[in-house]
Amino acid sequence: MKDITTWIDEYQKGSRFGLKGKVLLKKNSKFQEILIIESDYYGKALMLDRCWMTSMRDEKYYHECLVHPALSSIKEKSRILIIGGGDGGTARECLKYSQVEKIDLVEIDEEVIKASKKFLQEIGGTAWIDKRLTIHIDDGVKWVEKAKNNFYDCIFIDCSDPSEFSNLLFTDTFYKECKRILTQKGILATQSESPESFKNIHIHILKSLKKVFKLSETMYSFVPIYPSGIWSWTFASKGELNLSTPCCNEVTTIEKGCDIWNLNFQNAAFKMMPNKIVKELNS
């Protein structure tokens with residue numbers, strides 16, 4: 001790969017979001033184009049099909065917001081399922097909890113994991129060698145369909161934006177299957193897109209989860225390299241869902257190890273739903 005510094009951009013609806021840097025890896029897998037760059041400001045970053053997935057500088061905005069509201073709010077968290085998550089960041093955050101005994105990480109594209117292990121070592125960290133983590137190169141939808149009833153305490157949907165091979169992860173049918181394999185007091189956590197750049201998808205996810213699950217709540221925060229900068233995560237349960245009061249005696253220790261997440265941050269983020277989204281959900 002030539003040592004050339006240039007602008008690498010993601011294009012969305014007449015807008016572009018770019019980082020200046022050098023391309024370290026450009027590879028086409030069976031599913032998508034994988035691009036790793038070394039950027040001037042955000043460090044190493046991952047693109048899939050020319051969409052930003054993560055960067056060294058801002059990845060904790062995403063991973064900490066996806067994981068900790070869920071795991072801090074449930075008592076039982078021994079069995080965890082991650083759909084996607086090939087950069088290793090979600091697994092890393094989950095493994096901070098001593099109660100976690102087993103994580104199944106189901107990633108459809110093995111090349112994403114290989115690229116992340118080679119170029120984004122700091123994101124996955126020691127998660128890749130933790131014996132509690134088992135990696136499965138498989139289709140997440142099919143994995144969920146085959147899983148036992150009431151098996152997982154927490155399911156994380158850490159996937160890319162809807163595409164030819166990920167569209168089924170955003171359907172009522174898939175959410176119903178996730179509900180089936182969750183324990184009664186378990187929780188589902190999913191990235192739920194941007195209320196600005198991907199408003200229609202965002203609304204669809206929120207409405208689908210409200211339809212399928214008894215309870216669901218959405219929080220908003222920032223992921224600087226994502227289109228518009230504002231992002232969301234939605235949490236759903238078929239039983240209890242108390243996201244304001246932690247059920248975990250490790251919270252204080254975990255807060256100290258986080259760059260972004262703490263309970264005050266979380267509680268404020270759950271109150272940030274834009275009014276235009278409120279009106280659409282109530283229409």
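Cβ coordinates come from backbone N, Cα and C, glycine included.
Among the features that Swiss-Prot reports, domain 'PABS' is placed at 5-238.
Shown in sequence order, VAL106, ILE108 are the residues of the chain, 6+ apart in sequence, with a C-beta less than 8 angstroms from the C-beta of ASP139 (S-methyl-5'-thioadenosine binding site). ASP139 (S-methyl-5'-thioadenosine binding site) falls outside any helix or strand according to DSSP and counts as coil. If you look up Swiss-Prot, you'll see GLN32, GLU107, ASP139, GLY140 marked as S-methyl-5'-thioadenosine binding site.
Secondary structure at CYS159 (spermidine binding site), taken from DSSP and collapsed to helix, strand or coil, is coil. Of all Cβ atoms in the protein chains displayed, 21 besides its own lie within 10 Å of the Cβ of CYS159 (spermidine binding site). Swiss-Prot lists HIS63, ASP87, ASP158, CYS159, SER160, ASP161 with the feature spermidine binding site, giving sequence analysis as the kind of evidence.
The active site, proton acceptor annotation in Swiss-Prot covers ASP158.
Within the set of binding-site residues (GLN32, GLU107, SER160), the lowest number of other Cβ atoms found within 10 Å of a Cβ is recorded at SER160. A sphere of 10 angstroms centred on the C-beta of ASP87 (spermidine binding site) encloses 25 other C-beta atoms. Note on the domain 'PABS' (5-238): its mean pLDDT in the predicted model is 95.
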